[in-house]
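A.B. asks: Here's the feature list from Swiss-Prot:
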- C11, C14: metal cation binding site (BINDING)
- A110, G130, T135, K145, A211, D403, V411: FAD binding site (BINDING)
- C558, C559: Hg(2+) binding site (BINDING)
- C136-C141: disulfide bond (DISULFID)
- 1-65: domain 'HMA' (DOMAIN)
Amino acid sequence: MTTLKITGMTCDSCAAHVKEALEKVPGVQSALVSYPKGTAQLAIEAGTSSDALTTAVAGLGYEATLADAPPTDNRAGLLDKMRGWIGAADKPSGNERPLQVVVIGSGGAAMAAALKAVEQGAQVTLIERGTIGGTCVNVGCVPSKIMIRVAHIAHLRRESPFDGGMPPTSPTILRERLLAQQQARVEELRHAKYEGILDGNSAITVLHGEARFKDDQSLIVSLNEGGERVVMFDRCLVATGASPAVPPIPGLKESPYWTSTEALASDTIPERLAVIGSSVVALELAQAFARLGSKVTALARNTLFFREDPAIGEAVTAAFRAEGIEVLEHTQASQVAHMDGEFVLTTTHGELRADKLLVATGRTPNTRSLALEAAGVAVNAQGAIVIDKGMRTSSPNIYAAGDCTDQPQFVYVAAAAGTRAAINMTGGDAALDLTAMPAVVFTDPQVATVGYSEAEAHHDGIETDSRLLTLDNVPRALANFDTRGFIKLVIEEGSGRLIGVQAVAPEAGELIQTAVLAIRNRMTVQELADQLFPYLTMVEGLKLAAQTFSKDVKQLSCCAG
């Protein structure tokens, strides 16, 4: 390790600029620059020119000398002394160098962790091999919700409960224009919420390249611009996310199938679309494409949402079939071929032909290229990094958060995990509690859940009682002329405490957070029933569902308390 003494720096931003300049010098592997101490600690290759180091610093207007070199002039100018006095007044007397935190990734978990670590006083290096922002803003949540919204509007123009007095019209879909509008909003949000924030934070240095562990204290970064750099750290967070999984179906890899990434970026709407998958991404996009004009066939190995309460899958299946989406339950593709611009799927129910094939059967952690074994970081059989509730891995100084772990794959979970990981990396003690985690699927009707289903509660030895309220009992749904779906409450028998809610409703995502707060605050179903809810809102359905435990809500007048 080579140390430089640097005079003239006046702030942490100065140190960041010096670090950047030194790391551009040939032979410099990494640099840790401390403004309070006035030093730069360098990992350099043998033969690196000391003159090149001091010249790089001098080019920024500062003076640098090797720490073990004899002083050439003991006289310090008044300006330098004043800079030293000002710096000493602004900083703690301990003059300890900032904790060096490396974050691999730039999505929800990574950004939350980087910003929290800086808030806690750390210096952060963020490493991203691709586009800043991760899955959510670029190829996930944001573009998919825009496409779903477009499809919803197209559907209402074509068909609504008010067609008798407002005749429907067949919409013209200009997919290229819609895609341009979608991508413009993606780029706007990426800059506002990711790139702009990183650019404006002097305590965060961004490296564009692919990282792999050298050991449990350093990384090797293959820079996108060429060459490699060794980056040392005190703490490291792995937040590399996940990618679409590809099932081992013969012929699939040789075909031009879509994942969600390609589907969201397509500038055309296929006439026929086959979808392999039976959960969130598959079903959101299946319905969106159907509403934009595709003839959609969904292949489900089991039933739709087979891991959830059976009533959820039944309700969504009924809604899909009512819109003309073909749902093939208990159906698997055993062979995929692509001939003459057409997909041919061999299934347990015969042959299926389509113009495009969307495969959305889950996601796999982005951990294979990280050389985690070099740092002693354990993964499970699926390649997900094993962590505890504090996001700690099996290696003491390395943490992980988000979709590269076995945490639920929601961006808000990833962000919460990243924040708590940063607290723990900087000396705190925070845990991630997912006992009241909401989940929303943006089909129409939407699916929203929190807490236990009945089956999950019974698996954990909890005796339950439950009620299911269909939406024809909810005034808001009646006023909307859309009574598809239900609200189901699960309570602990004996105590009456609410422990789970499952909802299928056009606006289920807007009501579930009330259920989250009720569960978090250990409310009984009677306490929920006694609350004031505004009339003609969908969330009032929670109150009505709670009332069904003690009375027949069909016999109540409007908004009866």
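The count begins at 1 with the first shown residue.
A Cβ is built for glycine as well, from the same backbone N, Cα and C atoms used for every other residue.
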A.B. asks: Could you please provide the mean pLDDT value for the domain 'HMA' (1-65)?
C.D. replies: 83
A.B. asks: Which of the listed disulfide-bonded residues (C136, C141) has the least company, meaning the fewest other Cβ atoms within 10 Å of its Cβ?
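C.D. replies: Fewest other Cβ atoms within 10 Å, among the disulfide-bonded residues C136, C141, is found for C141.
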A.B. asks: Listing them in sequence order, which of the recorded positions C14, C136, C558, C559 have their Cα within 10 Å of that of V411 (FAD binding site)?
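C.D. replies: The recorded positions close to V411 (FAD binding site) (Cα within 10 Å), listed in sequence order, are C136.
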A.B. asks: Rounding to the nearest whole angstrom, report the longest C-alpha distance spanning A110, G130, T135, K145, A211, D403, V411, listed for FAD.
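C.D. replies: Taking every pair of listed residues, the largest Cα separation comes to 31 Å.
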A.B. asks: Taking DSSP as the reference, which of helix, strand or coil describes C559 (Hg(2+) binding site)?
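C.D. replies: The three-state answer is coil.
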A.B. asks: May I ask which of the recorded positions C136, C558, C559 is closest to G130 (FAD binding site) if we compare their C-alpha atoms?
C.D. replies: C136
A.B. asks: Taking the Cβ of C558 (Hg(2+) binding site) as reference, which residues of that chain separated by at least 6 in sequence fall under 8 Å from it?
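C.D. replies: In sequence order, P475, Y535 meet the Cβ cut-off.
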A.B. asks: So for V411 (FAD binding site), how many other CB atoms are inside 10 Å of its CB?
C.D. replies: 21
A.B. asks: How do the residues of the domain 'HMA' (1-65) split into helix, strand and coil according to DSSP?
C.D. replies: 20 helix, 22 strand, 23 coil
